[in-house]
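A.B. asks: Pasting a structure here, questions to come.
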């Protein structure tokens, strides 16, 4: 029974990832005054299936000087970690209800950088290694702000369990009192998922394709799936943290639809950002985090600790 539930979670995620690639190409196409994919199937709807078939029937080539085991394990690890993060998500009920669901998500998303590092190291290519080292520095840096923002949200929520966030936001979304945190969280998730304007790990103009430059066929497709699964999971987490999914008080049975629509809108915003902004320079990226985001998030975290402590001695007001 558990395996059936697991499949019912994984298969829709993979389908969503496949069609997200199509939506991205369509949106970028229309923003650049062209059509995008429109040949394969009606309005290009079968393009992701054609891409998947093409990639998985090709021969998975590898460089002669590469470390074979690590080279093959890296994309498998990337995809398995990207799918593991979905386990504690309440939609509205999680697959496994973890007491420390948020810590689990934070730690697993931090582990995903190992797959990038392994792929860059095992490829035995200077471009791949440079991209991988950039990814490590970027991910480790932005994990700090993500953790502090999560701590602030947990102080308001009073629990590390994701399902209690729905109850906390029954009457007001947390984005209203914590909108600066939400903006910093959204920008940090862009950096965490290596998306434009923070896609320094796969900078085409300088690193050919970054850490996955030596990959082809199936392993490349697995990296691709992992990247887009991470995009959807980060937006789903943003919805759970800041845009409570139980806000439809009169129709609670529509909470899953509500959750999906909000996640789709935030994912579209990711694509819009990619179409609009040029790539950041590396020193600007680090400056934004260590000199702007980190002090602000620390101050807000201290405020959320201090405010309830100050008011704890006051009598209840009528």
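Any Cβ shown, glycine's included, is placed from N, Cα and C.
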A.B. asks: According to Swiss-Prot, which listed range is transmembrane segment: 144-164, 207-227?
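C.D. replies: Result: 144-164 is the stretch Swiss-Prot calls transmembrane segment.
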A.B. asks: At a Cβ cut-off of 8 Å, and with pairs 6 or more apart in sequence only, do we get at least 3 pairs between the transmembrane segment (293-313) and the transmembrane segment (231-251), yes or no?
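C.D. replies: Contact absent: fewer than 3 Cβ pairs fall under 8 Å.
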A.B. asks: Residues sitting near the transmembrane segment (3-23): Cβ under 8 Å, six or more positions beyond its termini, same chain?
C.D. replies: 37, 44-45, 47-49, 51-52, 83, 86-87, 95, 224-225, 228-229, 231-232, 267-268, 271
